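Copied from TrEMBL, the annotated features are:
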type	residues	note
BINDING	N68, Y71, E72, C126, T161, N209, R214, S225, I226, K227	Mo-molybdopterin binding site
DOMAIN	86-243	domain 'Oxidoreductase molybdopterin-binding'
Amino acid sequence: MMIGDTMAYRWTNDLTHADVTPKAAFLNRRQILAGTAGLGAIGLVGTSANAAGEELTPNTLEEITSYNNYYEFGTGKSDPANNAHQLETADWKITIDGMVDNPGEYALADLMDGLDIEERIYRFRCVEAWSMVVPWNGVELADILNKAGVQSDAKYVAFETVVQPDNMIGVRRGVLDFPYVEGLRLDEAMNPLTLMATGIYGEPIANQNGAPIRLVVPWKYGFKSIKSIVRMTLTDEEPDTSWNKTNAREYGFYSNVNPEVSHPRWSQASERVIGGGLFAARQDTLMFNGYEKDVASMYDGMDLSEKF
Ligand SMILES: Nc1nc2c(c(=O)[nH]1)N[C@H]1C(S)=C(S)[C@@H](COP(=O)(O)O)O[C@H]1N2
Ligand SMILES: [Mo]
């Protein structure tokens, strides 16, 4: 198996679906735009350029929806695609509580009301040393948090994924301590790059990608980008995070992408690009996954190997 290709601590597939997928057809810019022609239906005020003004070639929707980590639906890369149709997403509500002026349980539609859904084409780098490029549709987390009114003593946001044991085989098997939880420092949460995604390629986000709404933090390892969110709590204490609880030595709270700080079991200096096929070339991993100029100042003076 490929070294560094697993964060599963009980079991993992040696060869996954994506490993045997033939190289994806090259999608040019025009085709990508044509493919997003229907975006008006979900209120996209779309731009083709991404926030950082980079030209990235997104992975295909097939790749993005067939090679996933969503342990509630199993630990294999193709398990979420096979099992996540069971996720119940109707009448989705998100509780926002803790240090906010307007705590409560919000209907997703009310939270999104009045916000412009943008397209953000971001690099996505899993801690297991594979990567994709994903054309998300979503809103800045800051816009949602501002609706709730963040109080001045809040320092972190804690996030929680839905738990539906009847629908989630990984929850029934107890492959992790559920609910899946994550957290960001408040400045990270308020950073303009931090997205709450509701779509990919202009379509509602697939269940296996975290329907109906998930976090996307493109400069951090993928496990920070928690799926199917039902609670956000503003707090003044650093929140627990699922992978840190599971293995604190290997997975820190910050988990910023950093080619110079190795995982205890593998290097993070390079990554395998999904879609390249079994013999895909690796590419160098970029500091903060290529978003250094947008985010590095948040960590000024911080020892990034100590606060990994
Ligand atoms: N609730 C929940 N969120 C999760 C995960 C998970 O298992 N459960 N896996 C994380 C990991 S390790 C990664 S790499 C990304 C994968 O997102 P994708 O399947 O959309 O590529 O989701 C993250 N969010
Ligand atoms: Mo990951």
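Every residue, even glycine, has its Cβ placed from backbone N, Cα and C.
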Across the domain 'Oxidoreductase molybdopterin-binding' (86-243), what does the mean pLDDT come to, as a whole number?
98
Should R214 (Mo-molybdopterin binding site) be counted as helix, strand, or coil on the basis of DSSP?
strand
Let me check the 10 A CB neighbour count of R214 (Mo-molybdopterin binding site). How many other CB atoms are there?
22
Of N68, T161, R214, binding-site residues neighbouring ligand 1, Cβ under 6 A:
N68, T161
Looking at Cβ-Cβ distances, which residues of the chain lie under 8 angstroms from N68 (Mo-molybdopterin binding site) while being 6 or more apart from it?
K77, S78, D79, P80, A81, Q208, N209
